[in-house]
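This report concerns only the one structure given below.
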Amino acid sequence: MSASRRPAAVIVLAAGDGTRMKSDLNKMLHRIGGRTLVAHALLAAARTETAHVAVTVRAQRDRVAPHVSEVWPDAVIADQDEVKGTGRAAECALGALPADLTGTVLVTYGDTPLLTTETLLELTAVHEGAGNAVTVLTAHLEDPTGYGRVYRGHDDTVHGIIEHKDALQARHEGGDLAHALDITEINSGIYAFDVEVLRASLAKVTTDNAQGEKYLTDVLAIARADGGRVDSHSIEDIWQIEGVNDKVQLARMGKELNRRTLDRLMRESGAIVTDPDTTWVDAEVTVGRDTVLEPNTQLLGATSIGAGATIGPDCTLKDTEVGDGASVVRAHTELAVIGPKATVGPYSYLRPGSEVGPDAKIGTFVETKNSQVGRGTKVPHLSYVGDATIGEYSNIGAASVFVNYDGVKKHHTTIGNHVRMGSDNMYVAPVTVGDGAGSGAGAVIRKDVPPGALAISVAPQRNIEGWALDKRAGTPQAAAAEAALAARAGENTQDDNTHDTDSTHDTDTKGEGATA
Ligand code: UD1
Ligand code: CA
């Protein structure tokens, strides 16, 4: 079967209240797989390469319409008036489309997020191939409760659709529509129509039913009565036609979408997913060949991961780009770029604007923000790097802070290549450290450090001998000191070997603060 025909237009119905969601947010704007429900529907529609996508809105119009335009700027927004029902919704959309439109128009729902473009193209092909006036996408369900039922005549052709509520009402009143409750073939709510048939039939639809609404489903019987061919196309994959009505379904659909995303990444991209049950990947994310996603990993938004990388366990990466062969363990990142073969974590927090160069390392309890860390540079332990540019193959000692904020403004720190900075350094921005420079432990870098210089800002250490014995007499501290001093005195008399207890000579020049 050829699935290459594209529909002339796709109408997405998204005007409903969605009251069963019990939410302040309209149903269409709830998210699974990193996209709103209506965005899933819009993208499935738009990717058929149809010339027109029309979306009917009404409930929370002020929030839904701008969102639709953001996701698909070419979408035509159609406002539904106070007349209720799917039929009216479709009619309003038709009114917003060109009056001279001909060919096939598809109708889908904004709350059916797993429906694929392939299914829409297949429906179009079946519809046009058979020369139908209407083709309804149907499924056989064990429990068809709530759905419209596909009513067939003795010749097995589709005669129409009977809504669940109307069948129920008929049962109470002893009407002959009651038998529809036994039908297990359901209306998915997704159709292909000949646009002229749809227009003419909708004009004849009334609100004479259990819900007082203008039903789109009534178009089938009307089109048939007017001599059109009405047929069905049945779908096996019932997830594709499942709508979200409440938050339980939202979670169920979200989990299924995730399963499908992971299957695709494993089968098509060659990713390795250790535990699909605890790995959550948004619909847009890409993952390269042989990259391992370890348990409890979330890849969100526009995240892309190269090949041969390891992500996780316990990672949340949002809008983050990770290069080939990188390793990211127990990290939280957002709007960050991690270069090839770089290592991040465990316990790292990369905030927006963090760029970690190739082979660079961001280590344990390190937070970065709006900073570039050059190739091969290491920030291994307990540090904050904010508003900084660090060159290549440099080392930032443990427990260092880029003091970027003076209480009013943020300032930048620039550090060169092959720099060896001590531990517990404070870089009071704006400040620049030249290539090949270094610093002692505990330095507070307030002035620029020229290339190759060693910066020392800590006063020489001074020891007050006997302080504990004098000021803390009678405490365990004093007792411990006394014992150690007595032992040392004993050693000294035995070996006649004098210890240097004068520590005033300069130890800071060793640059001992570095950590690697
Ligand atoms: C509809 C069908 C039913 C089908 C079911 C499949 C009708 C009359 N019934 O029932 O046969 O089995 O879908 O899920 O069509 N909407 C509007 N404007 C409205 C009403 C609804 O835009 O006035 C939109 C909703 O936002 C939603 C979609 O249409 O996206 C379906 O509406 P919903 O109320 O869920 O239809 P059902 O009663 O479930
Ligand atoms: Ca529904």
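In case you wondered, yes, glycine gets a Cβ from its N, Cα and C as well.
Since we're looking at a predicted model, the values are computed, not measured.
Ala398 (acetyl-CoA binding site) carries neither a helix nor a strand DSSP state and counts as coil. There are 22 other Cβ atoms within 10 Å of the Cβ belonging to Ala398 (acetyl-CoA binding site). Among the features that TrEMBL reports, acetyl-CoA binding site is placed at Ala398, Asn404, Tyr405, Ser423, Ala441.
If you look up TrEMBL, you'll see 478-489 marked as compositional bias 'Low complexity'.
Annotated compositional bias 'Basic and acidic residues' per TrEMBL: 496-516, in sequence order.
The annotation region 'Pyrophosphorylase' is assigned in TrEMBL to 1-247.
The feature region 'N-acetyltransferase' is assigned by TrEMBL to 270-516.
Under the heading region 'Disordered', TrEMBL lists 478-516.
Confidence annotation: the region 'Pyrophosphorylase' (1-247) carries a mean pLDDT of 96 in the model. Of the residues the record lists as binding acetyl-CoA, namely Ala398, Asn404, Tyr405, Ser423, Ala441, the two whose Cα atoms sit farthest apart are 22 Å from each other. For Tyr405 (acetyl-CoA binding site), the number of other Cβ atoms no farther than 10 Å from its own Cβ, over all displayed protein chains, is 12. In the three-state DSSP scheme, Ser423 (acetyl-CoA binding site) falls into the coil class.
In the compositional bias 'Low complexity' (478-489), the DSSP tally of helix, strand and coil residues is 12 helix, 0 strand, 0 coil. Over all protein chains present, the Cβ of Ala441 (acetyl-CoA binding site) has 22 other Cβ atoms lying within 10 Å. Using a 10 Å Cβ-Cβ cutoff, Asn404 (acetyl-CoA binding site) registers 22 neighbours.
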